[in-house]
Amino acid sequence: MNDSTDMARRTFVGLGGAGVAAAALALSGCAPAGGNGTGGGDAGQPSAPALGGSASATPPASGTEIAKLSAVAVGDSISVTVAGATLLVAQPTAGDVVAFSAVCSHQQCIVAPAKTEFHCPCHGSRFDAATGDVLNGPALSPLTPVPVTVDGDSIKAG
């Protein structure tokens, strides 16, 4: 080998190493904060206060008003917090009102209403708003139903 070949080889190896380092740095920005290589990172931890609700799974006492019927349009759903518990209330068809604990069955994050579905912001689980059943995992269990009654314009627990 001669000096020009050694220099070209050193330049190539140096540039290649710098390119690999730059690519690794760029890709590290794609990983979740605190990631462990599973794609979950810290987002998998229950984070109810940051998501705007309580992770309490204890439903309100029977007879407690949880929402007004007029606040839940037919084919829509809402989120309410009553007595420290975040609930999802839906009216799939006129006069048919259902409610569920907003605590995701996967890792206890607070699930959000999205019309005819409920979506977990932590890992993407989706639930049917009419039944609470899992539409898309990683959650394997449905949301916990909360019995409700309708009295005029009042939706009450129990």
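Don't overthink the numbers, they just go from 1 along the chain as shown.
Yeah, the Cβs are placed from backbone N, Cα and C, and that goes for glycine too.
Just so you know, TrEMBL annotations are computer predictions that nobody has curated.
Annotated in TrEMBL:
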SIGNAL    1-33  signal peptide
REGION    37-62  region 'Disordered'
COMPBIAS  44-62  compositional bias 'Low complexity'
DOMAIN    64-157  domain 'Rieske'
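Secondary structure of the domain 'Rieske' (64-157) per DSSP (helix as H, G, I; strand as E, B; remaining residues coil): 3 helix, 49 strand, 42 coil. The domain 'Rieske' (64-157) scores a mean pLDDT of 92 in the predicted structure.
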